[in-house]
Amino acid sequence: MSHSAEPLPMTARRSGPLTGEAQVPGDKSISHRALILGALSVGETHITGLLEGQDVLDTAAAMRAFGAQVERLGEGEWRVNGVGVGGFAEPEGVIDCGNSGTGVRLIMGAMATTPITATFTGDASLSRRPMGRVTDPLELFGCEVTAREGKRLPLTIKGASEPVPVRYKTPVASAQIKSAVLLAGLNAPGETVVIEAEPTRDHTERMLAGFGAAITTETTAEGHVIILKGRPELKPQPVAVPRDPSSAAFPVAAALIVPGSEIRVPGVSRNPTRDGLYVTLLEMGADIRFENQREEGGEPVADLVVRHGPLKGVTVPAERAASMIDEFPILSVIACFAEGTTVMQGVHELRVKESDRIDAMAVGLRANGAEVVDTQDTMTVHGKGGLDGGATCATHLDHRIAMSFLVAGLASHQPISVDDGGPIATSFPDFLPLMRGLGAQID
C-alpha cells in the first residue's frame with residue numbers, strides 16, 4: 001500500500017461457521033525493534049517471521065537511510081548489517097514513517113544521541129499525533145528538536161554531539177516513550193534510567209538484553225525501574241519474530257462471535273505485557289485453549305484453539321489497559337455479542353492513537369444498533385448477545401478500527417461496511433485472504 005492510496009470500501013456479511021488455521025503475521029512491535037537493534041549492532045543480524053506490513057517496511061527503509069545494509073532474503077526473512085551504537089550516518093533525504101507511531105518514535109530515540117540531523121515525516125494520521133511526549137525526554141540527552149506547532153510531524157532532530165545520561169519518569173504508560181529513551185541511552189555514557197508507574201510491553205528490554213546490552217529492571221517504591229548501561233557493543237542475534245497477539249485478536253474475535261466456529265491460531269506471543277485481551281476473554285467465559293506452550297526468541301509463545309460459545313460482560317480494570325491498549329476496539333465489538341455490561345477503564349491513551357479510537361468505535365457501534373457510553377477514560381458496552389448491523393463506519397485511516405468493524409459484520413444481522421479498508425495493510429497485509437480462508441464473507 002502506498003502512503004496516498006484511494007479509499008478502499010469493504011463490506012462484511014453474516015458468515016457460516018469459521019474453521020481452519022489462521023497464520024497471523026509476525027509481531028509488529030518486535031519486527032520494528034529487530035530492524036533497529038540489528039542496525040545498531042556490529043555485524044549481521046538474521047530475522048525470520050518479520051511482519052512485512054507498510055509500517056515495518058518504512059522502518060527498514062529508514063535503517064537503510066541511516067547507513068545500515070538491510071535486505072530481504074525471502075518471505076519474512078531479512079538480513080541486517082549494522083553500523084553499531086553511535087554509527088548512524090546522516091540521511092540524505094527525509095525519513096517518511098508513513099502511519100507508524102512506533103516506527104517514528106523508536107527511530108527518533110535511536111538517532112537522538114548521534115551527532116547527525118534528520119527530518120521525520122508521516123501520513124495525515126501520524127502527522128496529527130503528539131510527538132512531544134517522546135521529544136521532550138530526548139531533549140534531556142542534549143539533542144535539539146524543531147517541530148510544527150503542537151510538537152507534531154514534520155519534525156527535525158539535531159542529535160546530541162555530547163549526550164548525557166538521563167533519568168526519566170514517564171508521565172503516561174507508554175512503551176514507545178520508554179523505548180525511545182532506552183534507545184537514546186545506548187549512545188549516552190553512564191546509566192540511563194526509566195521509571196514507569198506500571199510496567200508496559202517489555203519487548204525493548206528483552207531484546208536489548210538479547211543483543212548484549214547490560215539492562216536491569218526492578219520494582220521499587222518509585223515504580224517499575226529500568227537501568228541501562230550506555231555505550232555497549234551490541235552483538236548481532238538471530239531473531240525469530242513470534243506472531244502478533246494484536247493481529248491474532250481479529251480471527252480470535254470472529255471465531256468467538258460467529259456460531260459454530262472453531263479455529264486454530266499457531267505460534268502467538270503470550271508475552272504477559274501484551275496478554276490483557278486474552279485474560280479478559282477468559283473472564284468473559286471464552287472457549288480458548290493455549291496449546292504447545294514454548295519460548296521463541298525470548299518470548300513465550302502458544303498455539304490458540306478458539307471455539308464459539310456464550311460470553312458475559314465484565315469490567316476491565318484500568319491497570320490492565322497497558323497490556324491490551326491496541327485490543328480495546330475489537331473487545332468493544334466482542335462485548336456487543338456478550339450478555340450483560342462490559343466496562344473498559346483506563347482507556348484515555350486510545351484517544352491519541354491512529355485515530356480517537358474510543359470515539360470511532362462508539363460512533364460506529366451505535367450506528368449499528370449497539371448501546372455504548374463513553375467518557376474521557378472509560379467505554380461501556382451494554383451487550384445484548386448480538387448486533388443489528390446495516391451501517392457504514394468511518395475508519396479514520398485506522399487499521400484496527402477497520403478490522404474491528406469488519407469482524408463485527410461477520411456476526412451482525414445486517415452487513416457492516418467500512419469507508420476505507422486500505423490502512424489494514426499497515427499491520428495485517430493478508431487480513432482479507434486469511435479471513436476468507438476461514439469462511440468469512442468480506443468483499
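The chain as shown is numbered from 1 upward.
The backbone N, Cα and C atoms fix where each Cβ goes, and this holds for glycine too.
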- Query: Which candidate from Arg64, Arg357, Arg436 does Swiss-Prot annotate alongside Lys28, Gly101, Arg129, Gln176, Arg400 at the phosphoenolpyruvate binding site?
  - Reply: Arg357
- Message: With the cut-off set at 10 Å between Cβ atoms, which of these binding-site residues ends up with the most neighbours? Options: Ser29, Ser174, Gln176.
- Response: Ser29
- Cβ packing number for Arg357 (phosphoenolpyruvate binding site), 10 Å threshold: 25
- Message: Taking the Cβ of each of the recorded positions and counting other Cβ atoms inside 10 Å, which one has the highest number: Arg33, Asp326, Lys353, Arg400?
- Response: Arg400
- Message: DSSP on the region 'Disordered' (1-25): how many residues come out helix, how many strand, how many coil?
- Response: 0 helix, 7 strand, 18 coil
- Query: Which one of the binding-site residues (Lys28, Arg129) has its C-beta surrounded by the most other C-beta atoms within 10 angstroms?
  - Reply: Lys28
